[in-house]
Amino acid sequence: MGQKKKKLAKGRLDKFYYMAKEQGYRSRAAFKLIQLNKKYNFLGTAKACLDLCAAPGGWMQVASKYMPVQSLIVGVDLVPIRQVRNCIGLTEDITTQKCRTEIKKALKTWKVDVCLHDGAPNMGTSWVQDAYQQAELTLHALKLATEFLTTGGWFVTKVFRGSDYNSLIWVFNKLFKKVESTKPPSSRNASAEIFVVCQGFLNPKRIDPKLLDPKFVFKEIQEVKKVDVLSEKKKVNRAGYEDGVTVLYKKGFISDFVNSNEHLQDLANFNAFEFDEAAKIFEQHELTTPEIKELVKDLKVLNKNDFQKIIKWKKAMAAYKEKLDNPDEEETEKPEEKKELTAEEMEENLQEEMKEYLALVEKKKRKEKKRQNELKRKHQRKIELTMHIPGDKIEETTDGDLYSMKGKDEFDEDIVADHSDISSDEFDSDDSDDDDDDDNNGDSKLIDDDEYLEQQLDEQYKLYQQRIRKKAAKLDDVKVKKDKIGQDGYNEDDEEFVEEQEESNPLLVGNKRKEPDAQAVSSLFFDNELFGGVEYRNPGDSESEPEQDGDDDQDDENNKPIDISKLKKQKPQAAQPITKKQKTTNSAEFGKQKSKYQKNPTLDDKDDQDDDDDKGNSIKGFEEVPVQEEVEYESDSDEDIDDKIKTKALGEFLIRKKSRQDLIDDSFNKYAFNDTGLPNWFTDDENRHNKAQTPLTKEMVDEIRRKIKEIDDRPIKKIAEAKARKKYRLGKKMEKTRDKASSIVDNPEMSNREKSKAIEKLYSGTDKKNMKPKKIIMIAKKSKTAGGGTGKYKIVDKRMKKDLRAQKNKLKTVGRSKDSSKKSKPSGGKNKK
């Protein structure tokens, strides 16, 4: 049978434990009260609350959060409670009169609307005693609640399921209108606790003291048996001695006891056994020990174990006697004689054994190979799903290996062997680190064991950062490609086609051409023949270079591929000074692109900056001048809108003195720490997760978002003026058209048909040829072919679009030449009437 698993402490660290840590609650029990309040909503309208057995203060935090502002909250416990905002903590015993006095001082003339109780006694004795102490503590809490609860108040308490549970429910029903038992989801299933919510305190003028007395409430009720007068009396049959027995002490013989099949009855009837002449063979047997001889002398004083020994000895003696009585029937086992094998048979046996052994070895190899392939497949799957980071593995070592520097090289080799599927960049970084370690091998022996472990953690964290940096670089490449597609004139459908083409098969990494980084592009750019005669200047030269103003453009060019053929065709030009207008234009464009691509800085920005500083400030003779920080222009992204909402809400908090002081007080919290010497991986994780909660409600955020939307939807002044002018011109035109139409209607010389045609032509404004709808030209997708159609849209490719544009321009020039020739000819012909 397997051993029973021992319950460990880490098994109790469930999701509510970590949620309490993240949200700043002092215990996971806070979520029990949150879920109870969500179901019954007793904290939303409460103005005063009394929390009994409140340590460490988790329920007080929840009450302060969900109760109205300026509510009175008092917490009582035997253990001192750390200060909770807007709460009063008392260190008293709820069973004493002193506790009642202190609560009255804290409440003054108030009556509480809600009384909470989440206390439990010291557990660890028997379950019956623990359950009784919990029920008794709940009754004391109820007694205290009846003194301070207002009419219609709530009482929420924790109760253990047990024999006293029904008694407590009976008492609750006497004092409250409605009593319900529930178990919130945050309460562990293994726990026997349940929560009783009592609603509508009756507040009677006089409460019977017996209702709150544990001795009376938990007293066991004994049912009184009813006396049956008509019951018949049963006559007891008394058993006497056996007939003809004159002596009560009986002795038996061992020979009869061994031969008897009813030995249990003999042990009950006889007081002792004697060894007679027939039992000499049993007395001399090796199993007949002095203990057996003493046991059979007095059978009435033996216990169960002694009787078992006698019965076991009796069976052994019976088998021994049967063996002596039938000696001829014993079959002697004779070993079989081994046949001598010939040389051929031995050779065949050897061949068969070899085949079996080879088959077994081959089977083990196949099994091991299958296991290795399965492990590799799982490992690769984890890497693809970003569930596992290469190099992020804790090696299991013994205590001797952990605290010694022996075998460090073998340990590093094992790490490299385990992570054979790491990319080439990671191998290069690992090799460089190993070379540095080999150079300083003599100094490494002096390193402390703790420092060695910290170095190992730092190396693992570097691999993790490289992984994040590569993912961020891929996202930047996708953004740059989108911009290139937009500059070439593609529409939104083409952008979606490019994204689908790139994301269709992310595993085919080898087929994609890697984009050149900034250093490779700059080296390729400066190796051109155009810069053959340029003289380089040192940073210390006093003369200023006009090219320094163009560094911003150079940074932008690093993100774009350079066409070498165009550079060769260009002629070298003399350096010209850049005007002030060009400087402002360049800086504005750089600021826009910077706000677009660096709006969300990653954790690796700081590391990239440090790496750039270590590399130096020159590339092949050219000095890299640090770019001044540009102002990031605002964008309409969701993150900027959230920042606006947060800023506006904090500004509203700063208007009033009380809210401003509360905001300043909240800034002094557990998140404000300034410890030095912490590792990078710890500080990065703290900065990402360990943040204080902003005091914003959902209603406040919705209201601010609505105001910002109203401001954004408001048109600018120029657009409003243009719309007004357009509306004014349209009104004037319609008024003029109405006047003309009325004059046509009043004309008596025109027939009704002529009038209708004239009015129709007047309102149409132009003839039907100009009113013919034009076809909208669309560029075909790469997945579609260009072709004609009779619908609203005409699908063309780039070449057809350019041809159509050229054809239209040619027709325009032909029309202009015809018009000029017509104007040169003298007018003639008949005039139309």
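Every residue gets a Cβ built from N, Cα and C, even glycine.
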Just to be sure I read the record right: G57, W59, D77, D118 are listed as binding S-adenosyl-L-methionine in Swiss-Prot. Which of D14, D93 is listed for the same site?
D93
Candidate ranges 455-485, 672-702 [criterion: Swiss-Prot lists as coiled coil]:
455-485
Other than its close neighbours in sequence, what residues sit by the compositional bias 'Basic and acidic residues' (751-767), given a CB gap under 8 Å and a spacing of at least six beyond its ends?
737, 740-741, 744-745
For the compositional bias 'Basic and acidic residues' (732-741), DSSP counts of helix, strand and coil?
10 helix, 0 strand, 0 coil
Under 8 Å Cβ to Cβ from D118 (S-adenosyl-L-methionine binding site), same chain, six or more residues apart: give me those in sequence order, or none if nothing qualifies.
A29, K32, L33, D51, C53, A54, W59, T157, K158
To see if you understand the setup: which same-chain residues, six or more apart in sequence, place their Cβ under 8 Å from that of D77 (S-adenosyl-L-methionine binding site)?
L52, C53, A54, A55, G89, L90, T91, E92, G119
Candidate with sparsest Cβ neighbourhood (10 Å radius) among G57, W59, D93, the listed binding-site residues:
D93
Helix, strand or coil: which one is D93 (S-adenosyl-L-methionine binding site) in, per DSSP?
coil
Tally of DSSP helical, extended and coil residues in the compositional bias 'Basic and acidic residues' (751-767):
13 helix, 0 strand, 4 coil
